[in-house]
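Presented below is the structure to which this report refers.
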């Protein structure tokens, strides 16, 4: 074999290895992408009670899993690469197993890093997310039927979820009892989503960053105390 053939064979092997590596990485990327899409479709991932804001949480969490072990209801899971969250961090899916709102909040009390606020005194102060009625068109109560399951299952009934009466314009004779979520009381436990009788729940618990807007600091409301009458 001539000397000139050796470099050519080396280049061919190099290019072949590059193509194989690129193909392998692309396949892994596609697989992870599909897994993440499946994970998102199966339900929204929520953080445990007492979790600090998401960016700080991902940095503070040491992935020890103690909160998962402390949960007596197997609500909490640890995220994988396919979960759409930082791997090793705790989460739960309300449609699968909602938070049972333990009074002693064991998951937060064992957190060693501060990712979960151990100083939280009442589970009623937790804000794991916010229940949002995402599908009024299919909600049975909005159709004029009496369902009320989400309302009756809510651990803060008549506080976090109330039923508001509205005249049924379709019949002209009856009232509709419309479930209404109050963000100042909702803990985001997810029990309402869990018990929704529809194939896909009409009410879902979303992270606060998705469920609520954010008011700019330049807005002032004159009717609120401390604004000196300015609007």
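Each residue's number is its place along the chain shown, starting with 1.
Glycine is treated like the rest: Cβ placed from N, Cα and C.
According to Swiss-Prot, the feature signal peptide maps to 1-41. The domain '4Fe-4S ferredoxin-type 1' feature in Swiss-Prot is assigned to 50-81. What Swiss-Prot lists as [4Fe-4S] cluster 1 binding site is 61, 64, 67, 71, and the listing cites sequence analysis. If you look up Swiss-Prot, you'll see 89-121 marked as domain '4Fe-4S ferredoxin-type 2', on the strength of sequence analysis. The feature [4Fe-4S] cluster 2 binding site is assigned by Swiss-Prot to 99, 102, 107, 111. The feature domain '4Fe-4S ferredoxin-type 3' is assigned by Swiss-Prot to 130-166, with sequence analysis given as support. For 177-208, the entry in Swiss-Prot reads domain '4Fe-4S ferredoxin-type 4'. Annotated [4Fe-4S] cluster 4 binding site per Swiss-Prot: 186, 189, 192, 196, in sequence order.
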### Task
List the other residues in this chain whose Cβ sits within 8 Å of the Cβ centroid of the [4Fe-4S] cluster 1 site residues 61, 64, 67, 71, in sequence order.
48, 65, 66, 68, 69, 70, 76, 78, 90, 107, 110, 111, 115, 116
### Query
Among 64, 186, all listed as binding-site residues, which has the most CB atoms within 10 Å of its CB?
186
#### Entry: Listed stretch, out of 50-81, 89-121, 177-208, that has the most CB pairs under 8 angstroms to the domain '4Fe-4S ferredoxin-type 3' (130-166)
177-208
## Note on the structure
Other same-chain positions with a Cβ less than 8 Å from the domain '4Fe-4S ferredoxin-type 2' (89-121) and lying at least 6 residues past its termini are 42-52, 56-58, 60-79, 83, 128-129, 155, 187-191, 193-194, 201, 204-205
### Task
Give the distance between the Cα atoms of residue 111 ([4Fe-4S] cluster 2 binding site) and residue 67 ([4Fe-4S] cluster 1 binding site), rounded to the nearest whole Å.
6
### Task
Rounded to the nearest Å, what's the C-alpha distance separating residue 67 ([4Fe-4S] cluster 1 binding site) and residue 107 ([4Fe-4S] cluster 2 binding site)? Just drop the number here, would you?
4
## Note on the structure
The rounded CA-CA distance in Å from residue 102 ([4Fe-4S] cluster 2 binding site) to residue 189 ([4Fe-4S] cluster 4 binding site) is 11
### Task
Identify all same-chain residues not among 186, 189, 192, 196 whose C-beta atom falls within 8 angstroms of the centroid of the [4Fe-4S] cluster 4 site's C-beta atoms; report them in sequence order.
94, 98, 131, 150, 153, 154, 160, 161, 181, 188, 190, 191, 193, 194, 203, 205
### residue 67 ([4Fe-4S] cluster 1 binding site) - helix vs strand vs coil (DSSP)
helix
### Task
Measuring Cα to Cα, tell me the gap between residue 189 ([4Fe-4S] cluster 4 binding site) and residue 99 ([4Fe-4S] cluster 2 binding site) in whole angstrom.
5
### residue 186 ([4Fe-4S] cluster 4 binding site) to residue 99 ([4Fe-4S] cluster 2 binding site) - Cα separation in whole Å
13
